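Listed features, source TrEMBL:
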type	residues	note
BINDING	A:201, A:230, A:259, A:295, A:315, A:316, A:317, A:356, A:357, A:358, A:359, A:395, A:422	substrate binding site
BINDING	A:399, A:463	Zn(2+) binding site
BINDING	A:543, A:546, A:551	[4Fe-4S] cluster binding site
COMPBIAS	A:1-21	compositional bias 'Basic and acidic residues'
COMPBIAS	A:93-105	compositional bias 'Basic and acidic residues'
DOMAIN	A:27-90	domain 'ThiC-associated'
REGION	A:1-28	region 'Disordered'
REGION	A:93-136	region 'Disordered'
């Protein structure tokens, strides 16, 4: 049985009654794999013409009315048995959690956890790691020729064979980020051979936002299609916020451990040490962080290359490391200790996201010497990580005008042996703060078409403030558009079926189907109802743009109805049909009262 | 004196006191040309560092506090003397306005003008046309080697020499749409050699909206940067709405005369005749419409090519003509009478926008036989129009996946002898109704980079309803982003200065400058204030994204301050500087109370 077959309706396990499903237009369904505990979630859209369309689903158990979710308990650890069954990991006492993990070394009257509830109340657990520090990564398994349940899971999700998944991971062209301490995850894959993925950033800061808000933003982002979420918290309660997010997240969680390490030294970059950093990485790996941004490419000799830039270093991690290098006039401790870091990550299957600390922060600085010097180092680090069987992706810019975008992906693929590229936009102009989801959505679509595997979203608040719930949604939707546009342009198998289904619905005036198939059904329906609120308008054979008297789609339908679908017949019989058309009153639109 | 010199601050005539200008961050200024009545409006942004930035301005006299504008009187006819001075036009009685021009042939109780006020009350005027029907087009003048005041005006606007403008128009690579009956216009140019332009569509429909709303939408769209406006009204009061819009519009107005002609035959496509159409064209030319979409490329033999499409014919004009061709089984009356139409347009200097009636309405239909068959006919019609000295641009799609976009512009340029391309998006996916400004903004930026001269905006309401004021703004801003991103990618001289000024402001924490330089200052300021509302935050050396304790821009500034801008010096002196840095407390951020 091919995977294609595995997704036919017959094998889709419908958890809800068919009637109930139809009434809301879509419902959560599962595609079963080779074992009962391997069930891949999909979004099943029921059309009014009796057909259904199966869409990729990132929303986790939250959209399954039969799933018993409780944010205080966390999601069920669906991968736990797979991990245990491999027999290559062990539970251990783990690193004790300390007050400073939450930035509480210097407790102020205003500091500290707001209330005791903030401590995650879910099931007690011990961290897990590879026995005797052995690599327990999907890369190691793939190289050994093993197809793990995680690989089968993503094969079903992507509608490809498990062997393709294994091959891409083994070659380093794709990563499957799954920390052994994040068993709650629904596995997904990041690689140019697969659907383009979208990451959403959340995170509290010293200035604003709370734990509750961040957990809410995570579930909200995945509801709209975020494939991974990065927790970029920088304020207090970093450890505890992350615990809540991880235990409730169905998608991989990424972090930048440097942010937390900096909090531990009260924001003094020069006080950072390898030991503090390493301790932070272990802390986060034990919690279950699936991928970590590591700015090991910001080397001492590259810092001066940024001196004549228009906007210097705009990456937080990049500037921390640059400040450290300058303060000590020493090579980066991340670069110097990279092999030891690889050993740690391999023992938990934490994936590297090698950070582009010197990415351009303005059109003027795009593709400059600093940026590409760092990229060459990332290529070198990628090869080291591979020796240690650590899955690796490479981060990319930033701010890049359209004509300089392709050079970024081409160079990255060449220098980094086709490791997955993970870009922030890029923003194609600097002049539109408050619309940088759009300035960057343009660049994101293009670079994804050319091979970028995952896009880090940008919200309307970029450069201006912290995104709220609406901004998160706008950012995710914009990036899902960019990703899907790229899937289409890459000719990803099956990608166009979604467009075709929606266009069919549009042409046939099946408004409800058009809404339900939309990336954002709620807003599409709301916009329609704003002009034509009445229920009958949703079955009308026109819309408010042209009105009932004249609709091009309607005329097209009439042409098709009058003249059939066969061109030869049309050409031959057109004169005759023309007469019939006239006989029928020559009406190309519905007569309406005026 | 070169034009570059003409734009130095010294020659900018500042109409407001400098203090007053500074207080609001920007003000309207004028660049004077070779004669006192040739004054090119610009938006002068005053920066807090004493510098100023000059930006292109489409907003007309409405943003000039010294201009005495009154929507009931209309704008002053600044081009009138230029037109008269040429001595090649004459006033004449003109075609009498009839009730059916406003769709009042069959007046119903609910029909008719809502009140007498709706009739435009401004100055009485007679229409004007070329003496003895002679061509009075900018193309004719350019070919004769004449540089008109209109050409000089756009040369100053575009910061190029008037001779370049003349050459591009003479070669047919650019159009300067200026009907002799629209003297209120501030001339602008559309061609790949110039800044990419944006058109905004307005227009009432049978279903909704009023005259007042449409005039308001026009001024609103130009305020945010629309370079031209198309009035696509289809309901009642078409003639009167257009009169109000024209008399108050500082930008070229485009129409689709077929829409009004169809109203005159009560929506019965088969009752359309060449005479009714021609009469409508003359009616609109006398009012001052600057460019008209003419779907003369929808020929009888192409209609069957659409029969197997997913979404048939989605252009209103295209489907009207297809319906007419089928009903009569005859070749299109627009195609058959194209030469006579050229003679009419030449006598008023109405520019052709040759419509793509068979453009694809879905990803599935992109770049198909129907679309390209029509394009070849548009190439043929472009050559005919050129014989009659009629300025011509070519309309383009539509819905096109990214990998098929370039073929569109390349073929159009080849087939249509480099006539300006004017595209609707294209939309790069069908799956995001309510976000089609974004799905299409992606395609628009790309196709403009590759040579499209003007982009027709798409609003969030596309496919769903009529755009309101907010939608118009969102559509215009999105398309200004696409246009400017393309200007950057094309290396348009001066385009990057805007980005550089904004990025400088960002790096130096000049928040007010960043807002004032933004494409949408209001929203940028509002988003900033949402997180950090206090006034001091606008001078703070941090933002709400990272907070005061740690800001990458701040660190970059410190690096630059500590180490200077010269790389050799930096490399040489870095160890020493490092010690100084440590001596200064190693602080890379502002100490703040916590």
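These residue numbers are counts, starting from 1, taken along the chain as shown.
Glycine is treated like the rest: Cβ placed from N, Cα and C.
Just so you know, TrEMBL annotations are computer predictions that nobody has curated.
Candidate binding-site residues A:201, A:315, A:422, A:463 yield A:315, A:463 as lying near chain B, with Cβ-Cβ distance under 8 angstroms. Looking at the residues that bind substrate per the record, A:201, A:230, A:259, A:295, A:315, A:316, A:317, A:356, A:357, A:358, A:359, A:395, A:422, the two CA atoms farthest apart are separated by 20 Å. Mean per-residue pLDDT, taken over the domain 'ThiC-associated' (A:27-90), amounts to 95. In the structure as shown, the Cβ atom of residue A:359 (substrate binding site) sits within 10 Å of 27 other Cβ atoms. The binding-site residues listed here are A:399, A:463; among them, A:399 has the most other Cβ atoms within 10 Å of its own Cβ.
A simple way to gauge crowding: the CB of residue A:422 (substrate binding site) has 27 other CB atoms within 10 angstroms, across all the protein chains here. Ranking the binding-site residues A:317, A:357 by how many other Cβ atoms lie within 10 angstroms of each Cβ puts A:317 at the bottom. If you take the Cα of residue A:259 (substrate binding site) and the Cα of residue A:399 (Zn(2+) binding site), they are about 22 angstrom apart, rounded to a whole number. Ranking the binding-site residues A:201, A:315 by how many Cβ atoms sit within 10 Å of each one's Cβ puts A:315 at the top. Helix, strand and coil counts from DSSP across the domain 'ThiC-associated' (A:27-90) read 11 helix, 21 strand, 32 coil.
Residue environment of residue A:259 (substrate binding site) contains 23 other Cβ atoms, counted within 10 Å of its Cβ in all protein chains. In terms of DSSP helix, strand and coil, the compositional bias 'Basic and acidic residues' (A:93-105) has 4 helix, 0 strand, 9 coil. For residue A:422 (substrate binding site) paired with residue A:399 (Zn(2+) binding site), the C-alpha to C-alpha distance reads 14 Å.
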